[in-house]
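Note sheet for the following structure.
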Amino acid sequence: MTSQTPVFEARSVSKSFGPVVALTDVSVSLYAGEVHSIIGENGAGKSTLMNLICGKLAPTSGQLYVDGQPVRFGTPKDAQAHGIAIAPQEINLVPNLTVAENIMLGAHAGNVAAIDWRRTRSEAARHLHQVDHTIDPSMRVRELSKAQQQLVQIARAAATEARILIFDEPTATLTYREEETLLAYIETLAQEGRSAFYISHRLDEVRRLSHRITALRDGAHVGELTPEQATREAMVTLMAGRPPKAGAQPIRDITTRETVLEVQGLSRDHEFEDVSFNLRKGEILGVSGLVGSGRTEMAKCIFGATKADKGGLTFRGEKTVFKSPLEAIQAGLIYLPEERKQEGIFPLLSIAENTALPTLERFGGLLHIRNREMIAEVEDLAKRMKAKFNSLTDPITSLSGGNQQKFIIARWLMRDAHVLIMDEPTRGIDVNAKFEIQAVLRKLTEERGLSIIVISSEMEELLDVADRILVMHEGRVKGVVDRAETTQEGLLQLAMT
Amino acid sequence: MERTMDTAEMTDTPNIRTRRKKTLVQRFWAWEASGVLVALAVLFTLLAFATDNFLSAYNVSVVMRQAAFVGLVALGQTLVLLVGGIDLSVGAAAGLSSIVGALALTQWGIHPYLVIPFTMAFGFFLGAVNGFFVAGLRLNPFIVTLATWEIFAGLTLVITKGYPIRPLGEQFQIFGKGEILGLPVPVVIFFATAIVLMWMLSQTRFGRNIFAVGGNRDAAILAGIRANRVEFLAFGLAGMLSALAGILFASRMDAGQPSVGEGWLMGAITAAILGGTSLRGGQGSIVGTVLGALLLAVLANGTVLMNVSGFWQRVIVGGVVLVAILVDLLRRRG
């Protein structure tokens with residue numbers, strides 16, 4: 001493999017945005033039939049590098065080569081002309097168009113005067129079937145789930161017939177089965193002689209797929225591994241610059257504690273049915289299930305964002321149903337949505353304002369907001385949660401994903417919260433920050449008696465942090481198990497019976 | 001393990017996320033122009049019974065002609081809205097173009113039959129000015145076209161000093177006053193334009209790219225679509241269609257009047273919105289806009305026929321828009 005010319009090469013590329021250096025002197029290459037993984041923590045420069053390769057950004061210095069020839073990409077279209085396509089991490093589809101049209105976007109079959117719809121549709125279906133068999137190509141993208149949209153996006157990259165494909169975190173939203181299909185598909189691509197850059201936080205996937213693994217840290221190339229060298233420990237050490245912290249939180253006994261929230265027979269048409277469970281004071285309850293299992297819908301319903309058809313709650317000894325999120329928040333039950341960017345943060349506001357927003361009235365003076373007090377309180381919480389930041393008056397977008405998440409949690413600690421429901425709290429957050437957040441959650445349950453429900457599609461995470469795990473499948477509760485008494489296989493089996 | 005999962009998925013009750021077959025009624029309501037069609041039908045029936053002359057040939061042609069001028073402008077506005085922009089200068093562009101067209105005819109000796117394409121080209125240029133700032137320099141369309149609105153309207157007054165340019169001559173009046181198969185020429189041009197645009201939006205790459213750019217600009221760029229070119233052309237076409245409406249109106253009046261196009265902006269946006277076009281881009285249809293323009297014309301006509309004071313007309317139009325938005329809200333929640 002090494003004797004031939006790489007199909008793609010980046011030599012000493014750097015990229016800065018004004019004074020901020022995102023990438024320094026990075027060189028990577030890709031051979032025909034190779035899957036080359038790029039690993040690194042958030043902010044390590046992976047996405048910047050991929051954006052240079054797909055033509056979305058231009059390097060500040062350095063040179064790109066395709067088949068040994070120097071190239072310069074002004075736009076993604078130029079990169080596509082050289083056979084490079086990307087399936088980006090963020091969902092980037094046109095919601096009002098059909099699946100088929102999204103896949104063939106900008107590449108409809110036909111001539112200038114008229115599109116050949118039949119061929120456009122059949123080609124779209126062919127590409128889609130390589131990664132998924134359940135999605136109807138005539139549906140509109142806005143009707144699909146997040147995971148399905150991710151698959152459509154991957155099919156679109158494949159549809160370009162590109163020789164070089166970039167997969168940026170393709171499995172972050174996928175469930176076990178979808179992930180299997182996708183990984184198998186990428187393996188087929190490589191066997192056909194096409195090549196791929198692969199980015200993922202899931203290190204077992206990286207090890208399985210890759211022919212080579214390159215690690216980035218703080219915008220610099222810090223090492224290259226063969227799949228044989230790439231133990232979990234070796235990869236994390238390269239990415240973080242230090243060995244990984246311990247994973248699982250110790251097992252504890254919570255059976256004697258009082259119940260703070262009891263859910264009784266909660267149902268909502270087409271979403272979930274007859275959900276019952278209880279949550280104890282200071283407990284972390286994990287909710288496991290595939291996409292479409294009704295876990296998020298259930299959480300939103302408890303929170304009062306949607307109306308239950310049947311059933312109710314007992315919250316701190318009182319029978320109730322929250323009619324709106326405001327009621328739930330005032331009672332001390334908080335829901336943190338999965339889509340941090342869309343539903344969780346206010347990108348134009350500072351870290352302090354983002355944190356204190358729901359409690360601003362506490363800092364209201366006669367004519368102004370008592371900023372100094374507000375910042376002092378946010379700072380105190382930030383320290384306890386070990387959040388990293390320059391200044392609390394910086395915009396929240398200056399933080400990494402993990403740190404943003406800490407401040408969003410802090411937001412609700414500023415008022416008296418009793419129950420926190422977190423939907424995918426560590427999705428897209430790097431390994432060490434993930435462990436830190438888990439430790440913070442544990443600490444909160446112990447110090448403040450907070451009860452937490454963690455919804456996650458990563459069973460490993462639940463097995464690290466939850467006291468008990470509730471398994472949902474197709475809208476129903478399949479069982480609740482103690483963490484000490486189960487394994488990943490056990491959870492899967494429970495879901496399927 | 002993997003095998004068990006597969007079989008479990010297949011033998012289980014159908015997944016709650018799978019799509020249910022929609023009935024014809026559901027599909028009708030899912031169509032964005034369904035509301036305006038129902039409103040038009042109701043109003044039509046009402047007026048047909050309540051008045052003697054609503055369905056007379058003369059009145060129908062009056063209504064359609066009224067719809068045609070604002071309708072042409074609304075078609076251009078629809079393209080701009082679909083691509084995620086807005087064009088506040090359409091009325092002023094219609095006015096300025098019609099004046100320039102009138103000058104071309106009376107002062108520069110351009111042949112009457114060539115005046116229409118000449119004016120449309122000039123209108124495209126005016127739209128292209130908007131397109132240059134919005135698509136080329138990525139400035140906010142609301143602000144850019146607010147400025148060009150003033151500029152176009154101001155230039156009209158500078159050129160005419162407030163006086164109409166007339167007469168335009170016998171030969172030229174055929175465009176505004178003539179008939180083809182019993183239909184006024186502007187109406188024929190309006191419907192023909194609508195059909196061409198429907199084809200363009202549904203069957204050509206440029207048309208689909210308009211939806212893609214308006215629906216998700218980043219995704220369109222990543223798919224290799226030149227988003228700023230698509231936006232630029234949408235603004236150009238909007239200017240062109242405004243100019244067409246302006247010069248047809250001048251032909252009908254036999255005069256290039258500085259006041260042409262005043263009031264067309266609101267009519268154009270209203271028609272598009274009534275027809276289900278979203279102000280956020282990426283959603284809407286030509287059929288909807290045509291129906292919207294017809295609805296506005298029927299409303300105006302109906303108030304006259306029912307002897308409602310002309311002053312009430314705007315109140316009624318505003319009310320209809322609010323009702324349309326409420327219906328749309330119910331439709332999407334439904």
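In case you wondered, yes, glycine gets a Cβ from its N, Cα and C as well.
Per TrEMBL, transmembrane segment is recorded for B:28-50 (among others). Beyond its flanks by at least six residues, the transmembrane segment (B:28-50) meets 22, 274-277, 283-285, 287-288, 291-292, 294-295, 298-299, 301-302, 305-306, 320, 323-324, 327-328, 331, 334 of its own chain at Cβ-Cβ distances under 8 Å.
Taken from TrEMBL, the feature transmembrane segment applies to B:62-83 (among others).
Within the chain, the transmembrane segment (B:90-110) has long-range Cβ neighbours (under 8 A, six or more residues past its boundaries) at 73, 76-77, 116, 118-120, 122-123, 126-127, 148-153, 155-156, 159-160, 165-166, 168-169, 172, 238-239, 242-243, 245-247, 249-250, 255-265, 268. Marked as transmembrane segment by TrEMBL: B:90-110 (among others).
Summarising the annotation, TrEMBL assigns transmembrane segment to B:116-135 (among others).
Marked as transmembrane segment by TrEMBL: B:142-160 (among others).
Sequence annotations record features per position, and here TrEMBL assigns transmembrane segment to B:180-201 (among others).
Under the heading transmembrane segment, TrEMBL lists B:232-251 (among others). Within its own chain, the transmembrane segment (B:232-251) has Cβ neighbours under 8 Å at 68-70, 72-73, 75-77, 79-80, 82-83, 85, 87, 89-91, 93-98, 101-102, 115-116, 119-132, 134-136, 168, 172-177, 185-186, 189, 193, 206, 210, 257, 260-261, 264, counting only residues six or more beyond its boundaries.
The transmembrane segment annotation in TrEMBL covers B:263-279 (among others).
TrEMBL lists B:286-305 (among others) with the feature transmembrane segment.
According to TrEMBL, the feature transmembrane segment maps to B:311-330 (among others).
For the transmembrane segment (B:180-201), the partner stretch with the most Cβ pairs below 8 Å, chosen from B:142-160, B:263-279, B:286-305, is B:286-305.
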